[in-house]
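> Just passing along the structure, written as structure tokens.
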Amino acid sequence: MRSGDIKEGVERTPHRALLRACGLTDEEMDRPFVAVVNTYSEVVPGHMHLDKVTEAVKAGIRMAGGVPFEVETIALCDGIAMNTPGMKYSLPSRELVADTIETVIEAHRFDGFVAIVSCDKMVPGALMAAARLDLPAAIVTGGPMEPGCVDGERVDLIDAFEAVGAYEEGEISEEELEELEQRACPGPGSCAGMFTANTMACMTEVLGMSEFNCAATPATEAEKLRVAKLTGMRIVEAIEEGITARDVLTREAFLDAIRVDMALGGSTNTVLHLLAIAREADVELSLDDFDELSRETPHLCAMRPGGPYTMRDLYEAGGVPAVMKELADDLHLDRIDFAGRSMRERVERTEVKDREVIRPKEDPVHEEGGIVVLYGNLAPKGAVIKTAALSEEMYEHEGPAVVFDSEEEATEAILGGDIDPGDVVVIRYEGPAGGPGMREMLTPTAALCGMGLDDSVALVTDGRFSGGTRGPCVGHVSPEAYRGGPIAVVEEGDTIRLDVRERRLEVDVEDEELEARLEEWEPPEDEVTGYLRRYRELVRGADEGAVLR
């Protein structure tokens, strides 16, 4: 066992003395040492129950003959950080999670680990660490939040964001706004729709790094604790069998994850995260894979924000295994999960229980996948749009650019009534390096929706979007403005064309004119300190997953 590095031999007497100080017995010294990475937090709804989930994982490890050691790393709530300077730390926190897990696992020579995570950047951060370390590893995702209820209608956090615009337009009263605030998020778990956290939980399950039906099992269900306990038992099996993360995280696993992502209509953030995890696993993956699989995979689940269904509905319909069953002919099901079990076994033991929630391939929500990759002179290295939450009337749009150099400027203009139907809102210098941190533009996009402009105004940015964003919103424009991408020199009134069916994003400016503008362009000067300064210097583009060099 790898943990022998700290517990075997005469020369390890002082090491064992320190372990004895932690209460270890002779019997435990002979067993596998398993790190249990807890991301419990009192300020993050998706993580405020993970102390109990962690205890269940530890119980499972003990039942199987291992020795659990609880360690911690950070957790952030994107919703709380949204539209503040704090949101600049969201995407960079993914790298911190990966680095801190790597650090503690390597320093203390654990034989394997289980990470208990829920929210947007914590899930991919844990997966990146698993791929990097290539040890026996498993993930337990904390589970979705239940939807709230107002006047008999189900609501969630995105309703609260969109209500701000509706209130500014006089569509709802202050009392209605406050009631939504009180009821949108009724308890623990990751926000109730197919937003980023839940999409990444689904990707984790498809990859084989979490237990059967872990992703859709709500945070409030006792089944979540049983899944956690079972994961603890099976990580000990993985250690005994020598199954490591890269045995699971193959190219076939990533292709399956992308295909299921397209069927679910998941968050565009999965593009960033799957590219980053694949890079850590030394697996070749690119935007071209997303583009190809988007063209040939139907969108099967009308999940919020692009439809009426929540994660609770997906859970009742059979969860991720049921979606995989519908796609089984196109998936690589002979690969293994983190404990060495066949993925085919998972699919064969499930069934689709609700055909409204999980549509048959012959009768999909859309013929093509829920995320589309765009190219053009405005995005030479690509951009993404979530068609699962886009009305077909906005698949083509042409309009004058209204240009902003920050999210705050754009939000003020939108809420101030300065955007007209037909416009294309351009928000730049919000990319990985430019922000720095590639903030999510949920506040401006939600404001457009709340003000009834989502069927007539497009938004284009080198920043990101929340998984809760809906409407004609194009993100991840690459190269980003701060690194000299064409979006840096778009001028007020330039005509921008979006054509989803043709996969194009263009600005109606001749190449020679764009080149001339870029020759005169200089990046803006701003003062960035601390971690964000180091992040800006090291981060790659969105088309590469915004990983560090």
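Just so you know, the numbers here start at 1 and follow the chain as drawn.
Placement of Cβ uses the backbone N, Cα and C atoms for every residue, glycine included.
Because the structure is a prediction, the values reported are computed rather than measured.
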> According to Swiss-Prot, Asp120, Lys121, Glu440 bind Mg(2+); so which of Asp78, Asp156, Asp159, Asp405 is the extra one listed there?
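Among the candidates, Swiss-Prot records only Asp78 at this Mg(2+) site.
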> Looking at the recorded positions listed here (Asp78, Glu440, Ser466), whose Cα lies nearest to that of Cys119 ([2Fe-2S] cluster binding site)?
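Comparing Cα positions, the candidate nearest Cys119 ([2Fe-2S] cluster binding site) turns out to be Asp78.
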> Report, as a single number, how many Cβ atoms besides its own are within 10 Å of the Cβ of Asp120 (Mg(2+) binding site).
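Other Cβ atoms within 10 Å of Asp120 (Mg(2+) binding site): 33.
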> Around the Mg(2+) site (Asp78, Asp120, Lys121, Glu440), what further same-chain residues have their C-beta within 8 angstroms of the site's C-beta centre?
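Close Cβ neighbours, site residues excluded: Leu76, Ala81, Met87, Ser90, Leu91, Cys119, Thr196, Ala197, Asn269, Arg464, Ser466.
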> Reduced to three states, what secondary structure does DSSP give Asp78 (Mg(2+) binding site)?
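Reduced to three states, the DSSP call for Asp78 (Mg(2+) binding site) is helix.
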> Quick one: pull the CA-CA distance for Glu440 (Mg(2+) binding site) versus Ser466 (active site, proton acceptor), whole Å only.
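Cα to Cα, Glu440 (Mg(2+) binding site) and Ser466 (active site, proton acceptor) are separated by 6 Å.
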